[in-house]
Amino acid sequence: MSAEASAGSVAAASVPATQSSGRGSEEKGVGGGLAGSKYVKLNVGGSLHYTTVQTLSKEDSLLRSMCNGGAEVTIDSEGWVVLDRCGRHFGLVLNFMRDGSVPLPESHRELEEVLKEAQYYRVQGLVQHCMSAMEKQRNVYEGICRIPMITSTKEEQRMITTCRKPVVKLQNNRGNNKYSYTSNSDDNLLKNIELFDKLGLRFNGRVLFVKDVLGDEICCWSFYGEGRKIAEVCCTSIVYATEKKQTKVEFPEARIFEETLNILIYENGRGSGPGGVALLESSSLVASQSEEEGASAGDRRVRRIHVRRHIMHDERGHGQQTVYKD
């Protein structure tokens, strides 16, 4: 049993003689309260506290009722007022009664525990203090953007099909490269990742952003609405240099941002209506750099936008023409 001195100066508790006399019984229930006492010794679940009746009477609470006789008080043979509660946070409740304010724990679980104790003792000021702190925590938690990481194909399919929000997935697997990268590819790969983070923060709560580091593509964006893929932007191409093949990573920022805005038509199930389909079909006409792939009926509306697949003499100097090979 650990004793916590809760007052600046420790004084012996003065208890009415009718309460402290009589060794025959270890505990007594007293209905007259503690009005005749100046100092009070509290035993809260084994945690010992010293305080005054004046402190306990500051607010209209259960503790004040114990002092003025409004609530029954149990006192043991040694003069300790026994409270059958956990004493972990009682020191915090007592300090609030003294000062009118107290630092609260940052842990949400501990904050809930303090709130329950404040509600039990009916200390309304501390109850409001705890509820305000919990509201601030909720606002902070809502601002955090959580990005799921794909670990398997089944997990990806289940996540996309069950999600009610539009989904944007970035497949980023730098270790999958068979050839060396061009000089700007590392920077462009980093720019794609940075754009993914910025979009995730901007559309947090409206779009589910998912990151996949296990796929076959080095850098590829996929856009889903109502459980099916709507568009895809592949950012890699193979470059045939003079001596060896190289992998080039592009950063089509405008195209990626446009597809992210297009996918918002599926927010709250709005993409299934006639207006959503019309908007989707009209937006597909804007792809100046895109080429359509996958002409099957089930995959007809998936826009696959790729950069040029085969490029001769990449990173040419100023004034030299880049030659494309189909």
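In case you wondered, yes, glycine gets a Cβ from its N, Cα and C as well.
Because TrEMBL annotations are produced automatically, they should be read as predictions rather than curated entries.
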With TrEMBL as the source, identify the stretch among 1-33, 265-297 annotated region 'Disordered'. 1-33
Model confidence over the domain 'BTB' (38-138), as mean pLDDT, sits at 91
Helix, strand, coil: count each for the residues of the domain 'BTB' (38-138), based on DSSP. 49 helix, 19 strand, 33 coil
